[in-house]
Amino acid sequence: MNNSTSTANGNDNKKFKGDRPPCSPSRVLHLRKIPSDVTEAEVISLGLPFGKVTNLLMLKGKSQAFLEMASEEAAVTMVNYYTPVTPHLRSQPVFIQYSNHRELKTDNLPNQARAQAALQAVSAVQSGSLALPGAPTNEGTVIPGQSPVLRIIIENLFYPVTLEVLHQIFSKFGTVLKIITFTKNNQFQALLQYADPVNAHYAKMALDGQNIYNACCTLRIDFSKLTSLNVKYNNDKSRDFTRLDLPTGDGQPSLEPPMAAAFGAPGIISSPYAGAAGFAPAIGFHQATGISVPAVPGALGPLTITSSAVTGRMAIPGTSGVPGNSVLLVTNLNPDLITPHGLFILFGVYGDVHRVKIMFNKKENALVQMADASQAQLAMNHLSGQRLYGKVLRATLSKHQAVQLPREGQEDQGLTKDFSNSPLHRFKKPGSKNFQNIFPPSATLHLSNIPPSVTVDDLKNLFTEAGCSVKAFKFFQKDRKMALIQLGSVEEAIQALIELHNHDLGENHHLRVSFSKSTI
């Protein structure tokens, strides 16, 4: 095998991760194990949530591709995101790592026309969708209503189409937050909400008019007038993928046990008919040309673990400790700088922290009790491996089921704290917007609740005094109560969030700080 070609990265052997030292970060990413029938648009869609994709090189014969992001920070955010949650294309796992190349030069390569056309289509969509709603945008790229919600009608419904099948198909174009299905005018219809209007536009472009199964179940897709869906129950008719705690509502078995089982042991739902609500009996459908869906809706593998961000809220197989446990063991902390309050604020980005205990005899270890198991899993996925106060934090599920408070008069040095009644919980309100804004740690922070009198310099100084280097800052055009601030590193941003979330800015405004998926 000739490994010397400059484009192929010299890594064509079929081994998995770990077969060469990891490269230093680069805005060019190397993707392996790409299914042969994948389109350019599908590969680009992996990078879209993290920033602008500026170039693409597909090496179809080698099942590889190179994706160039506009900035190194966007690429780092993407790699951090997909490290705990392997992305899938056409239900196949895809492996992403930094490339040796610092940029892609594809001008004089053959067969680049399709990649360039796909990139142009996407950048048109992005420039259209990032404009203000109602404002004139570049001609031809206006997204009607700018809504992230699609209305889907399925014609020629010869076979049942389940909520899971829709989730599987539409997740290929971005994170699906919610789906509601219903029958109206004797037609099976659905409303489906993405995390971002770009994804909705993309899915509509790709899927409108396609058949789910051979010669039947045709998708007719429009933008909905609704901009957000309100899902009250998780069952076979409706689902909110950001809220695994919702009731089923109509006496159906709760989805939680089968869901949990599906993630614990892959393949439980691959049996022809799993009794969970909403899994259709197995009928041997022919596979559609154009849309890759398993032939049998009953056998969607472990509940389509493919959808990238949704899995953030699910249990991931292969974790030690007690499955379903909401207590995390956090190790390798900096004992001189860590406090229960600091852990409460940081882990509170991914769920509601009820109690924190820093170990009396070993202060680099702590227990963090979350509101439920899915929040514990989410915090573990996003925070384990991040640097905090100069040390790489590790989080695993604890064998303890709860954090005990010290008995009256017991010496504790204030290391155990109960936060269950704190006003700072982000996820107390069911259906809160915060569920949609859960992102991995990133160097760019989202600031909100800024009073009108506070200036750019006030905020920059606040972060500089907290020991951060401010690289960029911008207020939101349509809402000066919000801003983005880019700091020198992810570690700086984590520390700034701990220190400055809920900081009193005066006028009864307390600053709210979150990680952002955007870059400035």
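Here the Cβ of each residue, glycine as well, is placed from N, Cα and C on the backbone.
Going by TrEMBL, these are the annotated features:
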- 1-11: compositional bias 'Polar residues' (COMPBIAS)
- 1-24: region 'Disordered' (REGION)
- 27-111: domain 'RRM' (DOMAIN)
- 150-226: domain 'RRM' (DOMAIN)
- 326-400: domain 'RRM' (DOMAIN)
- 403-423: region 'Disordered' (REGION)
- 443-518: domain 'RRM' (DOMAIN)
DSSP-assigned states of the domain 'RRM' (443-518) in counts, ordered helix, strand, coil: 21 helix, 22 strand, 33 coil
Secondary structure composition of the domain 'RRM' (27-111) [DSSP: H/G/I, E/B, coil]: 25 helix, 26 strand, 34 coil
Tally of residues which DSSP labels helix, strand or coil - the region 'Disordered' (403-423): 0 helix, 3 strand, 18 coil
Averaged pLDDT, computed only over the residues in the domain 'RRM' (27-111): 86
